[in-house]
């Protein structure tokens with residue numbers, strides 16, 4: 001009780017003195033705000049990227065690729081295989097018994113981006129006009145759906161926002177000449193919104209392809225996946241792999257997500273070291289400035305522990321203020337900010353929005369408090385060890 | 001027979017700077033009785049502030065026995081000395097050492113935060129202490145809003161508020177003009193005479209020493225003369 005009262009009293013004295021040391025205290029706040037702002041911004045990029053890919057698909061859908069293929073681009077599914085896959089047990093069926101499955105082409109095309117020297121790779125998905133049977137989240141938000149057999153394109157909302165050339169009425173080279181953009185679609189904010197969708201038949205003719213890249217199926221239920229997968233993998237005619245959609249798309253984000261996180265933490269550690277030295281400097285100066293006050297309190301009978309704790313509390317509060325400022329700045333400037341980048345696992349552009357999540361803010365504040373803890377600890381120990389007699393003499 | 005409050009037997013104090021050892025106090029024997037007002041005088045470097053710091057429990061002797069009341073200060077740890085100071089000593093410094101961000105009342109209250117007293121009881125004692133030093137109406141003022149004499153009186157109120165055994169004053173008038181210094185010394189004399197406080201005061205000023213009941217002269221760490229005043 002007595003120690004607690006001492007801590008409160010000494011801390012109150014320290015905190016009341018902050019306005020008289022506002023300039024130096026702001027060094028801690030701004031330094032740590034910078035670190036947390038950069039860290040949260042970078043991690044929000046990773047989080048946004050991952051959320052876009054990991055948020056793609058549902059557990060009631062599965063994607064089938066050639067055995068050994070890690071993505072659609074390197075996968076080949078023949079017409080015969082596609083026919084077998086669509087007839088596999090576990091697939092949901094329409095009222096007329098038609099399996100809810102769709103064999104698709106997947107390829108890349110160059111799209112010029114204003115301000116960039118080189119064109120960007122954008123995914124072209126050859127699908128069917130009734131794609132909504134398998135992907136009910138699909139919705140045309142502007143223009144209209146492509147016409148089967150015609151060289152028309154519907155553009156994902158995210159990629160349309162990033163490439164000025166992808167406007168309704170414009171043309172884009174998909175394969176074998178220009179294709180007309182007739183609509184913009186959305187699929188709930190997932191990775192498909194970074195794609196161009198065309199009619200599979202038209203693409204097959206233009207690209208002279210004879211095999212699909214993948215088959216996506218809608219399952220009877222999430223639990224039906226095991227039945228579906230077992231049936232496919234035990235069929236001696238098939239060398240294919242089946243994955244739940246969310247698992248497949250999450251695996252597409254792993255490398256870039258990891259890279260961004262490593263980059264974020266590396267930058268944060270480097271900046272953090274600078275901020276910790278700044279905090280140390282300021283807190284040492286604060287202790288030196290208050291040496292006589294601290295010595296007076298110690299002479300009056302205040303213990304060393306309350307002095308240590310009070311200096312630590314001051315440092316932590318300043319760091320917390322810095323952390324909050326950094327997190328708020330990151331949120332205001334970056335949350336929802338949409339960019340596109342090359343996913344080097346698929347060699348294609350993915351448009352995504354930065355996501356400043358509560359978890360990232362919590363992480364940022366934890367970093368801030370860690371910096372405040374380190375920055376305050378050594379000055380606090382010095383304050384408690386201050387020789388009373390010598391410090392009083394300096395007054 | 002007067003009760004001895006402070007007793008030094010063979011007390012020495014040495015400091016080591018690099019390879020050099022400096023003995024500031026040499027084998028001192030001294031008794032201070034309850035109710036004494038002792039002035040410690042001597043030239044700079046004579047060891048008077050060092051002696052005051054030992055008596056006030058701010059430092060420990062290198063050798064010898066030092067008792068204040070029932071406590072053997074020479075045998076106490078740093079933490080024990082801290083607790084002892086809180087209960088038994090009131091300090092008055094040359095430059096007042098008030099905390100600038102706190103009001104006079106809050107400054108005076110500081111030693112009471114180390115006691116189990118309630119907030120109401122603490123404020124009651126603070127007001128009495130400020131009344132004794134004649135600053136009952138200045139409790140809400142910050143140190144920067146007080147004159148030097150007023151600030152030192154607030155410091156004296158802080159020193160007496162917990163009713164310590166001993167008042168330790170290091171050049172309490174060193175920063176004041178003559179008239180104000182006399183007022184502050186008169187107040188210390190009042191505390192000694194009317195409230196029975198035992199006071200040990202370091203001063204360079206012979207006029208200040210005249211307010212004390214005894215004067216002790218130190219030179220090069222040794223007691224050279226002891227004078228009693230009327």
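Sequential numbering from 1, following the chain as shown.
Placement of Cβ uses the backbone N, Cα and C atoms for every residue, glycine included.
Feature annotation (TrEMBL): of A:238-261, A:262-285, the stretch labelled transmembrane segment is A:262-285. Your range for transmembrane segment, going by TrEMBL and the list A:202-220, A:316-334, is A:316-334. DSSP assignment over the domain 'ABC3 transporter permease C-terminal' (A:266-387) gives 93 helix, 12 strand, 17 coil.
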